[in-house]
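Structure, as structure tokens:
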Amino acid sequence: MARKKIALIGAGMIGGTLAHLAAKKEMGDIVLFDIAEGIPQGKALDLSQCGPIEGFDARITGTNDYKDIAGADVVIVTAGVPRKPGMSRDDLLGINLKVMKAVGDGIKANAPDAFVICITNPLDAMVWALREFSGLPHEKVVGMAGVLDSARFATFLAWEFGVSVRDVNAFVLGGHGDTMVPVTSYTTISGIPVNDLAKIRGIAPEKLDEIVKRTRGGGGEIVALLKTGSAYYAPATSAIAMAEAYLGDQKRILPCAAYVDGKYGLDGLYVGVPAVIGAGGIEDIVEIELSDEEKSNLKVSTDAVVELLDACKAMDESLK
Ligand code: A3D
């Protein structure tokens, strides 16, 4: 069987980490694309030289030419500008919208059959714009946010409860921003609802509220510490899990920014929902029952996404 081809658009902090992870896992041959000359080529060379030590044969190349992504099975997009301290994800909107136009055109012309995972912020708006510009089917374009946000939630819960992260199944819905909705009612530790285990362990509800708040601000906490950019190890790891689910037809249910048209009362929007990822891309969206409070939190979150989409449409005539 021919090797799979993974194209990474953006060879910055997340792009380089994605390339390393994909190579270590022998997911296929990797093409790193960036507009900055020398960066993708240099990173590709450096990463290739990990091969003899780590024992991978994946071929890693760097390029500034979209033609080199031709025939890619998976495309992961991180091209754009990351947040700096004091900058909201939304401040990035104007800059990264133009980048999505260039990337969408490049994918449309060279890799129209790929499964495309967008990571560029502001996520829910950028994945929507990337889909519009690329013209790919909605089920083949998805945004990475929920896997990361749920992993952050799970990490903080595991620390608080003093349990293995492997036993925490945490759940976050909604847009990728400060209004995201960590859903404690669907979060379990070894199958035990987290609220029940909190009672058993004597963990106060206020402590869980603090964890929810920390999860919502999880990206900003790292930006404030790094000062020159945003998180990249866990974002890259999250997107790799989604790519593996697609390439392996795993039918995993992962929270991702998927296109929702009808379910959750939404009308043609990319937003964080539990989605089944398999060989068909996003094969299904699972609509779970929510409490009134969770519903109203989700509404706040999706309203924020709609506001961003309106701003995108105002900035680019072709999106109307
Ligand atoms: P960074 O290290 O700056 O890499 C971005 C790369 O994109 C740079 O190498 C640029 O040269 C390149 N680039 C800029 N314009 C273009 C273009 N038109 N075509 C191709 N490449 C281009 O950033 P990063 O890797 O740390 O982050 C990448 C993106 O991911 C940013 O938008 C972040 O805000 C976002 N991000 C999202 C999450 C989510 O959970 C959704 C988490 C962390 C970061």
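Each residue, glycine too, has its Cβ placed from N, Cα and C.
Confidence in the domain 'Lactate/malate dehydrogenase N-terminal' (5-143), given as mean pLDDT, stands at 95. Annotated domain 'Lactate/malate dehydrogenase N-terminal' per TrEMBL: 5-143, in sequence order.
In the three-state DSSP scheme, ASN121 (NAD(+) binding site) is classed as coil. The NAD(+) binding site feature in TrEMBL is assigned to GLY10, ALA11, GLY12, MET13, ILE14, GLY15, ASP34, ASN96, ILE119, THR120, ASN121.
What TrEMBL lists as substrate binding site is ARG83, ARG89, ASN121, ARG152. A helical conformation is recorded for ARG152 (substrate binding site) in the three-state DSSP classification. The Cβ of ARG152 (substrate binding site) has ARG214, THR215, GLY218, ALA234 as same-chain neighbours under 8 Å, each 6 or more residues away in sequence.
TrEMBL lists 148-304 with the feature domain 'Lactate/malate dehydrogenase C-terminal'.
Per TrEMBL, active site, proton acceptor is recorded for HIS176. Cβ neighbours within 10 Å of HIS176 (active site, proton acceptor), excluding its own Cβ and spanning all shown chains: 29.
Straight-line distance linking the Cα atoms of ASN121 (NAD(+) binding site) and ARG83 (substrate binding site), rounded to a whole number, equals 8 Å. Of all the binding-site residues in the list GLY10, ILE14, ASP34, ARG83, the shortest Cα-Cα distance to HIS176 (active site, proton acceptor) is found for ARG83. The binding-site residues considered are GLY12, ILE14, ILE119; of these, GLY12 has the fewest other C-beta atoms within 10 angstroms of its C-beta. Between the CA atoms of ILE14 (NAD(+) binding site) and ARG83 (substrate binding site) there is a gap of 13 Å.
When the domain 'Lactate/malate dehydrogenase N-terminal' (5-143) is classified with DSSP, helix, strand and coil residues number 67 helix, 25 strand, 47 coil.
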